[in-house]
């Protein structure tokens, strides 16, 4: 018999990535501030020591990253005296926190406000 297929599809993919500050050193690294040191998703690596100092506060925070996927599909198959329609919806999402990394031989963090 005569048969045909019809198909309709919608797909959405989204990703959000955060780019934090990256500092790499072959020796020692010092980050000093008279008031505050604020870092969001930073990557600080040194083959020697790392020192972070602030007159008031040191804030090492995360940055939110996310992924989203949506797919909707409708398929219709027709044959002699028959018709079958399949409607599928997929949706998922994920979020995660990108942290701050301080990696060295010795890591020291000091703040005036403690």
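Even glycines carry a Cβ here, placed using N, Cα and C.
Small disclaimer: the values here were computed from a predicted structure and weren't measured.
Annotated compositional bias 'Polar residues' per TrEMBL: 103-114, in sequence order.
Per TrEMBL, the feature region 'Disordered' maps to 88-114. Within its own chain, the region 'Disordered' (88-114) has Cβ neighbours under 8 Å at 18, 20, 28-29, 37, 39-58, 60-75, counting only residues six or more beyond its boundaries.
Taking H, G and I as helix, E and B as strand and the rest as coil, DSSP gives the region 'Disordered' (88-114) the counts 0 helix, 19 strand, 8 coil.
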